[in-house]
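The region 'Disordered' feature in TrEMBL is assigned to A:521-543. If you look up TrEMBL, you'll see A:6-28, A:49-69, A:75-100, A:128-148, A:168-187, A:199-218, A:256-274, A:295-321, A:341-369, A:390-409, A:444-465, A:485-507 (among others) marked as transmembrane segment.
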Amino acid sequence: MKDGVNGVALAVFIFFFLVVTVLGFLAARWRRAENALHLDEWGLGGRSFGSWITWFLLGGDLYTAYTFVAVPAAVYAAGASGFFAVPYTILVYPLIFTFLPRLWSVSHKHGYVTTSDFVRGRFGSKGLSLAVAVTGILATMPYIALQLVGIQAVLDVMGVGGGESSNWFIKDLPLLIAFGVLAAYTYSSGLRAPALIAFVKDTLIYIVIAVAIIYIPIKLGGFDDIFAKAGDAYAQVNPATGKPRGSLAPGDTAQWAYGTLALGSALALFMYPHSITAVLSSRSRDVIRRNTTVLPLYSLMLGLLAMLGFMALASGVGAGVTGYNGQLAIPQLFENMFPSWFAGVAFAAIGIGALVPAAIMSIAAANLFTRNIYKDFLKPDATPAQETQVSKVVSLLVKVGALVFVLTMDKTVAINFQLLGGIWILQTFPALVGGLFTRWFHRWALLAGWAVGMAYGTWVAYGVASPAQKHFGGSSDTIPVIGQIGYIGLTAFVLNVVVTVVLTFVLRALKAPEGVDETSKADFTADAGDPGVQKDLPVGAGH
Amino acid sequence: MSEPSGTSGRPPVVTPTRVIAGVCLVIPFVAMLWVGSYAKLTPEFIGIPFFYWYQMLWVFLSSGLTYAAYVMVRREERARKEGAK
């Protein structure tokens, strides 16, 4: 599989890596405000980003290196079922359009930095806010780890690091360097670094996809041939399961899983702390809305990328190798098909594609810790400068944690946790989105619903077996009552909502204390320029 | 939730514009979650099975629908601001 180091590709890769490193450090001076010590500056880029930057930032954030490796890998492995990422990312935008402008408004009015800030302010419950914060951190950690898995795949195919190299230090050195650099500029520049690097990342990705989707089919004899060969490959029966490997269109029994996965993932995606961070860093409500009309360009790109999975299969990548690591399929396809220098560009695109979201995710997780654990529970009188310092240090710790995770444990552990993370984060939906539209839900009912959803989702996911693993073998299982196979996260979510509604009725009948709501109706529609909505928030706002 | 317009001094929550915008936002959900409507291989487009090109086509359709909703909502918000002054 590996024929030594690909020198030209490696040189191009290193060149782009150096460019973004310089950019990352320069970003600290970009659009700098006077009040640099406030958490809004480091953690939200001064809340000043306009349409263009938000577009790149959100795109760089939601479509990660892992997506670029995993989506085509899923298509490569099983065909149609891996394509659910396309309807999933189509459905995300109408949801963002509907929900997030309200979150933007109320956050600007009250100086909220995280979703947990909002939940605490709306429901007057530190417990519920803590639950949301912990869920966010837990769900984000494995996501960061998977970005490393994405970089590893690229390094592996280039013949640097990984593999069977004898010494663990030599083996992991490239990854350690990449992450050391990432950690350093995130620490010094905050959210401005990934925002600036996202420009480079997306330009590279768009070029690579455009070339790949035209050049590779020409080399492989057109889409007719590609799909014919892929169809043959999927039809082959897997001796381990006695079933065909996959199919080109989902059969009757697979359609529920396809639809529920798309819907559940779409609902979960903008619950993730990193998507919220990118949204809150924008300058106005209008920037968010306008962006939802142009962000689907990324979904188109994702669809084209997914097609590369068929091309990898048709071109014979990994054919005949038992236990071939599907994660390597796309990097390997690039290496086989492209001249070395362009393969280097493609690898750089994936590598940098990992750095941007990893930086945003670690900032988002750090903000959650600082605002909703450190400030709420450990040091209520922390100054904004202290908050920023804690956030910076935590963003480092989060990344180190992810690194240790990837280096010491099997890759499948990270993937299992990522799967669980999606199920978990979806359970914060009722508190957040419910809270954006109504104060009817009771805070204790929301907490109980969250707990039930978390427990159910974890327990069922644990019980899913696949030919390769006994537990966490997939994200779908039988839906009780309906009897079809569906996404576990969505089933847990429905259960969560049912518990929340029932308990709200009960608690209201018992007149349980509701907590203080510090928001008012007008806060949810306030826009930049309205009274009380400052561009630069006053120090310590919202407390 | 909604109040009849003009009685409370606050503009109504549900307006015809918002209903149409809401419909625009809901259509992609119906189209994408009705998997049975597109889980087939033909007709092909330049060799790509129906299942794949149809979903990619919806990227454009849903983007257009979101844009329509955006234009409508923005126009109404501006009109309200003018009215409030």
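Using N, Cα and C of the backbone, Cβ positions are placed for all residues, glycine too.
Bear in mind that TrEMBL entries carry predicted annotations, made automatically and left uncurated.
Remark: the transmembrane segment (A:128-148) makes no contact with the transmembrane segment (A:6-28), by the rule of 3 or more CB pairs under 8 A. Counting Cβ pairs closer than 8 Å and at least 6 residues apart in sequence, the transmembrane segment (A:75-100) and the transmembrane segment (A:485-507) reach fewer than three and form no contact. Recorded stretches compared: A:168-187, A:295-321, A:444-465; the one with the most Cβ pairs under 8 Å to the transmembrane segment (A:199-218) is A:295-321.
Among A:49-69, A:256-274, A:444-465, A:49-69 has the largest number of CB pairs under 8 A with the transmembrane segment (A:341-369). When each of A:6-28, A:256-274, A:295-321, A:485-507 is scored by its Cβ pairs under 8 Å to the transmembrane segment (A:168-187), the top-ranked stretch turns out to be A:6-28.
Here the transmembrane segment (A:49-69) sits against the transmembrane segment (A:295-321); at least 3 CB pairs are under 8 Å, leaving out pairs fewer than 6 apart in sequence. The stretch with the most CB contacts under 8 Å to the transmembrane segment (A:256-274), chosen from A:6-28, A:444-465, A:485-507, is A:485-507.
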